Amino acid sequence: MRNCRVLLVLVLSLVIVLNVVRASDESKVHIVYLGEKQHDDPEFVSESHHQMLSSLLGSKVDAHESMVYSYRHGFSGFAAKLTESQAKKLADSPEVVHVMADSFYELATTRTWDYLGLSVANPNNLLNDTNMGDQVIIGFIDTGVWPESESFNDNGVGPIPSHWKGGCESGEKFISTNCNRKLIGAKYFINGFLAENEGFNTTESRDYISARDFIGHGTHTASIAGGSFVPNISYKGLAGGNLRGGAPRARIAIYKACWYVDQLGAVACSSSDILKAMDESMHDGVDVLSLSLGAQIPLYPETDLRDRIATGAFHAVAKGIIVVCAGGNSGPAAQTVLNTAPWIITVAATTLDRSFPTPITLGNRKVILGQALYTGQELGFTSLVYPENAGFTNETFSGVCERLNLNPNRTMAGKVVLCFTTNTLFTAVSRAASYVKAAGGLGVIIARNPGYNLTPCRDDFPCVAIDYELGTDVLLYIRSTRSPVVKIQPSRTLVGQPVGTKVATFSSRGPNSISPAILKPDIGAPGVSILAATSPDSNSSVGGFDILAGTSMAAPVVAGVVALLKALHPNWSPAAFRSAIVTTAWRTDPFGEQIFAEGSSRKVADPFDYGGGIVNPEKAADPGLIYDMGPRDYILYLCSAGYNDSSITQLVGNVTVCSTPKTSVLDVNLPSITIPDLKDEVTLTRTVTNVGTVDSVYKVVVEPPLGIQVVVAPETLVFNSKTKNVSFTVRVSTTHKINTGFYFGNLIWTDSMHNVTIPVSVRTQILQNYYDEN
């Protein structure tokens with residue numbers, strides 16, 4: 001068995017582009033994008049790519065050696081090793097939409113599904129109405145899969161869906177028989193990575209040159225969305241229960257495009273490999289595609305083909321595949337949300353109604369409940385210290401967690417140490433623990449910002465997090481007595497009241513930095529302390545399972561819900577699923593309490609934190625009305641975003657001429673209204689489609705943002721057998737006389753059974769394009 005210390009940041013942080021400096025005349029991988037494929041025969045498409053490359057390089061042999069991938073299923077293009085001058089020649093060709101250099105990226109349950117209302121015990125819910133997602137195929141582009149995991153058993157799973165065209169690719173320690181009726185596909189894509197890293201030693205690499213997962217990230221995400229039933233699973237006794245995915249009878253297809261790099265201690269995902277994985281998934285017949293990947297701020301426009309995920313997702317959505325992406329882990333800062341294309345479902349991360357309280361008992365018998373994943377033995381009353389200079393020595397003392405190593409070892413040896421940190425990185429916890437352990441200490445209590453989810457220590461060393469208020473209480477106790485002592489008990493699992501739901505601190509926030517009128521994220525889902533399968537090679541694996549956090553975990557939650565909805569509504573468009581999820585979302589927690597957003601300071605959550613709210617699977621199954629979108633709507637968006645006619649034509653495969661004047665981006669038929677620069681009154685249009693009772697009457701309810709006037713016409717929508725689509729206008733004006741921040745409200749259509757709700761976000765900008773740093 002291979003062993004490696006894999007830093008948890010890899011599963012908590014979304015994509016970071018790795019800059020590679022090369023000489024300008026050296027060949028490197030470029031992606032040549034040709035737009036929509038012009039022929040249905042993939043062999044014909046590939047041959048055209050080789051001919052184009054042969055014409056450029058002068059011979060078929062050189063073309064063959066240069067070619068990395070031919071994209072021939074979902075769209076047309078290829079990846080090849082080219083010099084800068086060769087790439088420029090291709091870019092000047094009228095057949096070529098865009099040429100871009102390859103780049104490298106890193107990566108971005110037992111309680112989750114009951115929390116979301118999908119209990120197996122209820123025979124009349126979405127889970128059972130859809131036979132648990134049977135016949136729906138979910139594809140994952142990630143780090144691979146551990147096929148022997150119990151989460152991928154095929155007990156009770158029927159025949160492989162007839163529309164599946166993929167297969168299982170053999171490789172290092174992976175053979176085709178590792179697949180079954182649950183795990184029906186597994187492929188790997190490494191050519192782009194190898195072409196850019198010729199020094200990479202595939203023999204000595206600790207990763208598997210196959211679809212087998214080394215670090216466990218891909219296994220974790222796949223088991224969250226579509227894992228089978230596994231009884232009596234816990235993490236060292238915590239978070240125990242019966243484990244399953246959201247759609248436990250859905251089928252799983254794995255596309256490994258991310259590789260562990262020993263020298264970096266990190267994972268890299270080549271753009272060319274990701275695009276090839278997306279291309280293959282379109283050919284293979286996946287219904288839902290889940291990507292826990294993304295880019296870094298600043299983003300490329302969705303209309304810029306350097307946004308590879310948006311480009312691949314466009315073609316997937318055009319073929320009816322629902323694409324779900326993680327929104328990023330750069331929160332709580334505003335304008336950090338990733339994967340913002342309007343054809344992608346972008347997911348924020350929230351907490352569950354579950355926590356792991358860890359009792360801390362002071363010598364004065366006061367009990368404080370911290371948070372940890374401590375599963376070791378109870379630490380009886382032990383000396384407690386806060387390292388500080390009492391003025392009797394010239395030695396250096398520090399109670400700052402990151403500087404505990406500056407203290408003399410005798411200060412911490414045999415004691416529990418209290419420290420404070422303002423550091424928002426998870427490593428502040430693990431490093432503090434390592435410093436105390438190295439000095440012979442017995443435990444550490446870390447006081448930190450109450451809005452930050454610093455990952456608790458992962459071993460059996462007592463390491464407990466509390467907030468500044470409680471930390472100050474502990475410090476005052478230490479200073480009040482000559483011999484302060486403390487007792488630390490193992491963590492426990494607390495579910496339900498009084499644990500509230502929050503948007504996670506790390507979850508990236510809106511508004512959309514590249515297209516502010518497009519609300520992102522779309523939806524929130526549990527992504528904190530999620531227990532799921534992992535690779536046994538992962539250093540934090542316990543029996544092949546692990547607790548992880550990130551929007552990487554939240555995205556497959558939504559992918560699992562979408563798989564159930566796809567089984568119930570097989571003919572819906574990808575936009576219909578997004579609309580159903582957004583318009584029916586929870587804006588309060590299961591106990592009717594407001595959902596807060598963690599950060600400095602904690603506040604009531606708004607659409608920039610979690611879009612429409614937290615995904616509500618049962619309500620999404622019967623939304624009443626949907627805000628549907630198709631190719632025409634996406635073309636409208638592309639035109640309004642400034643893309644030129646020829647590029648749009650090659651992208652969509654049809655001759656496209658944008659109207660003059662261009663249509664407003666505010667008229668894109670999204671299940672949201674976002675106006676980032678309101679000065680004068682604006683009127684926008686939306687169209688809703690009835691997917692509920694044929695004869696229905698809906699009345700409007702407006703909850704306007706503060707200081708904003710919203711008038712809807714008509715105020716009543718009537719549907720019958722002949723009228724299934726109805727348009728309405730929304731007139732928006734402001735009473736504010738100064739530039740403001742965003743204010744939030746809602747527009748609701750109700751027929752007494754359904755409340756079809758879209759968020760309304762408006763910012764008044766009397767002085768346009770003005771940055772106010774005050």
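Using the three backbone atoms N, Cα and C, a Cβ is placed for every residue, glycine included.
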Select, from ASN409, ASN571, the one residue given the annotation N-linked glycosylation site by Swiss-Prot. ASN409
Using ASN201 (N-linked glycosylation site) as the reference point, find which of the glycosylation sites ASN232, ASN539, ASN644, ASN654, ASN725 has the shortest Cα-to-Cα distance to it. ASN539
How does the domain 'Inhibitor I9' (29-108) divide up by DSSP, counting helix, then strand, then coil residues? 31 helix, 25 strand, 24 coil
Going by DSSP, give the three-state secondary structure for ASN409 (N-linked glycosylation site). helix
Determine the Cβ neighbour count for ASN232 (N-linked glycosylation site): the number of other Cβ atoms within 10 Å of its Cβ. 9
Taking only the Cα atoms, work out how far ASN232 (N-linked glycosylation site) lies from ASN128 (N-linked glycosylation site), in Å, as a whole number. 21
Taking the Cβ of ASN654 (N-linked glycosylation site) as the centre, how many other Cβ atoms fall within a 10 Å radius? 11
Tell me the Cα distance separating ASN644 (N-linked glycosylation site) from ASN128 (N-linked glycosylation site), rounded to the nearest angstrom. 47
Most Cβ neighbours inside 10 Å, all chains, among the glycosylation sites ASN409, ASN725, ASN755: ASN755
